[in-house]
Amino acid sequence: MRVHTGETPFVCELCGHKFSQKGYLNSHTRVHAGQKPFVCEDCGQRFSEKANLNRHMSVHTGQKPFKCENCGQRFSRSSSLNRHMRVHTGQKPFVCVDCGQRFSRRSNLNSHMRVHTGQKPFVCGDCGQRFRQKAYLNLHMRVHTGQKPFVCEDCGQRFKQKAHLNWHMRVHTGQKPFVCEDCGQRFSWKSSLNRHMRVHTGQKPF
């Protein structure tokens, strides 16, 4: 009946949080005690609540019971489905207080905030260069490792970045997305268009 009355007689002595049932209080106290009695038999990871263990098990079973009705993509967690739905709805609930830019995920907002704060928490262990995002550090590391994971299926040439592979593919496809507005001539690369524009402007490169 406490669900209907809103009564919460069970109080955590450490933080004052209130609960309607003794079982909820017991689960909560494990947060303070660091107690994690529920163990995954596959990998040994421990959890403070049975529900968290159950959610974790989908990592091993591959079970994805939550389905997007719009595109059919499936997810192991309802929270992941909820985040995915913003792709279809365009919802961006996370707002930057400095510039007003909106984001569909809190993690994207957190990354964006470093533009304003100048924070660069990701450090290259080889040269000390710092980056705002882990993805930028990963790209940079290829300078040191020489890793080129992106391969052209037509000629076998390898590239450090996906963007560089995409640019290269225009050699094979003949795609020319950059158009001169003065004469209509098309180019595969922006740099080629910029050089061409000097024909019209009379600008000399040196």
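Cβ from N, Cα, C; glycine included.
Curation plays no part in TrEMBL annotations; they are all automatic predictions.
Here the structure is a predicted model, which means the values were calculated and not measured.
Sequence annotations record features per position, and here TrEMBL assigns domain 'C2H2-type' to 10-37 (among others).
According to TrEMBL, the feature domain 'C2H2-type' maps to 38-65 (among others). In terms of DSSP helix, strand and coil, the domain 'C2H2-type' (38-65) has 12 helix, 4 strand, 12 coil.
Using a Cβ-Cβ cut-off under 8 Å and counting only residues 6 or more beyond its ends in the same chain, the domain 'C2H2-type' (66-93) has close neighbours at 55, 58-59, 102-105. Taken from TrEMBL, the feature domain 'C2H2-type' applies to 66-93 (among others).
The domain 'C2H2-type' annotation in TrEMBL covers 94-121 (among others). Mean pLDDT across the domain 'C2H2-type' (94-121) comes to 92 in this model.
Feature annotation from TrEMBL assigns domain 'C2H2-type' to 122-149 (among others). Within the same chain, residues 111, 114-115, 158-161 sit at least 6 positions outside the domain 'C2H2-type' (122-149) and bring their C-beta atoms closer than 8 Å to a C-beta of that stretch.
Positions annotated as domain 'C2H2-type' by TrEMBL: 150-177 (among others). Long-range contacts of the domain 'C2H2-type' (150-177) within the same chain: residues 139, 142-143, 186-189, each at least 6 residues beyond the stretch ends and with a Cβ under 8 Å from a Cβ of the stretch.
Per TrEMBL, the feature domain 'C2H2-type' maps to 178-205 (among others).
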